[in-house]
Amino acid sequence: MQHHTLSCCGGVRASLPPPTLSFRWSKIKREGGRRLPRCARIAAQLELKPPPYSLSSLEPHMSRETLEYHWGRHHRAHVASLNNLIAGTDLDGMGLDEIVVVSYNKGNPLPLFVHAAQVWNHDFFWQSIKPGGGGRPSGRLMELIERDFGSFDRMLEEFKRAALTQFGSGWAWLVYKANRLDVGNAVNPCPSEKDNKLVVLKSPNAVNPIVWDYSPLLAIDVWEHAYYLDYENRRADYVSIFLEKLVSWEVVSDRLDVAIERAAERAREDETRRQEDDAAVTHSEAVEMYLDSDTDDSEAE
Amino acid sequence: MAMALPLAYASSVVHPFEAGRLSFSTKATKHKKQIYQFRNVTKVLAYYGLTNPPYKLDALEPYMSRRTLELHWGNIHRGYSDSLNKQLANSPLYGCTMEELIKTTFNNGNPLPEYNNAAEVWNHDFFWESMQPNGGRLPWGGVLDQIEKDFGSFSNFRDEFVHSAMMLFGSGWVWLVLKTNERRLSIVRTSNALCPLVWGDIPIISLDMWEHAYYLDYKDDVSKYVNNFMDHLISWHSATARMVRAEAFVNLGEPKIPVA
């Protein structure tokens, strides 16, 4: 059995290191000793990625027990369910980002959406925090925060408010929003960096801003399982500690760079497409137009 | 159950209608005198008190720990109640029973801001009363008959209830309701704060599936929580009382037409 580890598709689209896919060959038809079969059923299995730190390293802000349950049981269960549900379907073999967007189905989600999205969300969440995190961001991230929220503290206030007012289960996000119309021929006549903003939003249950074509930068899990063991019902304390002691602003900055690059690339694509469209119009033959005839006589005579 | 009590504050507008109302005022005697003289009037506000569960907080051990109840009732339920009262201080809603308040604020699917708090206060009251120490096991009499009629057997009902609870994603509740239109018992799963009262159905038993209800005791083992609820906590006494009341609103009888 061959094992390959491949990065998943959509380089600039992914805002986090992609989950590793291990390919398992099944039902291989071998011909003439060739390793690559003519038709093989490839079952791509998404793996449960461990957080980039040990489970006890976030103490005392997030206990080892929480991580054991949250990562070890909740996140793992979603990965298992997702693998079960995509096996043998079209979604098998797609990258996780794509699975999430496709299964969201523009607001009419397939049953596997919750699992796909929760796997994505939790991967993103573990990457967003680190031992010894917190502090303040710097560089372009700080500039954009100050531009779009007024000040870093105001952004934190808004983020906390989103996290606290998310009723029921869900997530609060800081996203980079490249404002574009979701129409095929949408053209922004004067595209500029200023159209793209940082925004705080909240989403229920498993929903995730990539389905709205935003670029998430930071997420906090406000499902109760994320904080109940450590903070009981005190969500406000959890959110404050998360922001003061756990957030990895370096990762957020990196994601911002990726997001800006992605937005710029799409703006360039739009621009080339627009120019091509314009060229197509001017070079095409004159459109036949039906004009009124000079006489007023009816043709039915 | 929570009841509306008018709370009077002095203001300057005179309403003869309000003049005769009882006021529960904790202010100074001089203020009281003013009210009894009906000179200043009352801006009457709705107020919903937090009721206690009908058992001590450690009575449901070991299936639901004391700490869970302390937090769930003492902090979370109380929090909803306080938030509701704060919201109602600036709201024109007055004079509703809790059930009416829920239906009104649900606003046919376009809920007003008070809905979540009102519904959660009611839902939790209902939930505490749906449980009892030494509960679980089987219902009896009319409730059992109705369950057997509508689900085939008690174990079918139990399986369906547990299954419904396991299928719920996110926060929500699982209910045994008496559907008024279909005139039968049914199991319903709702998200967040949604309550079957808004559809005119009559809830008989509920189970809180928000994670705060079970996480401290069971962590992620939802199936154990639900099974323990069914086997040891569910209060068929309450269910019977609620069915009796429900039958005043829903005709479950069938006419006994004699065969000639």
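Keep in mind that glycine also has a Cβ here, set from the backbone N, Cα and C atoms.
Listed in TrEMBL:
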- B:48-131: domain 'Manganese/iron superoxide dismutase N-terminal' (DOMAIN)
- B:H72, B:H124, B:D208, B:H212: Mn(2+) binding site (BINDING)
- B:142-241: domain 'Manganese/iron superoxide dismutase C-terminal' (DOMAIN)
(request) Taking chain A as the partner, extract the binding-site residues from B:H124, B:D208, B:H212 whose Cβ is under 8 Å from a partner Cβ; order them by sequence and answer 'none' if none remain. (result) B:H212
(request) Tell me, if you would, which residue among B:H72, B:H124, B:H212 (binding-site residues) has the fewest other CB atoms within 10 Å in the structure shown? (result) B:H212
(request) Within the same chain, and leaving aside B:H72, B:H124, B:D208, B:H212, name every residue whose CB is within 8 angstroms of the centroid of the CB atoms belonging to the recorded Mn(2+) site, in sequence order. (result) B:W73, B:I76, B:H77, B:F127, B:W210, B:A213
(request) Restricting to the domain 'Manganese/iron superoxide dismutase C-terminal' (B:142-241), report the mean pLDDT as a whole number. (result) 96
(request) Mind giving me a neighbour count for B:D208 (Mn(2+) binding site)? Other Cβ atoms within 10 Å of its Cβ, every protein chain shown. (result) 24
(request) Please report the DSSP secondary structure of B:D208 (Mn(2+) binding site), reduced to three states. (result) strand
(message) Can you break down the domain 'Manganese/iron superoxide dismutase C-terminal' (B:142-241) into helix, strand and coil residue counts using DSSP?
(response) 53 helix, 24 strand, 23 coil
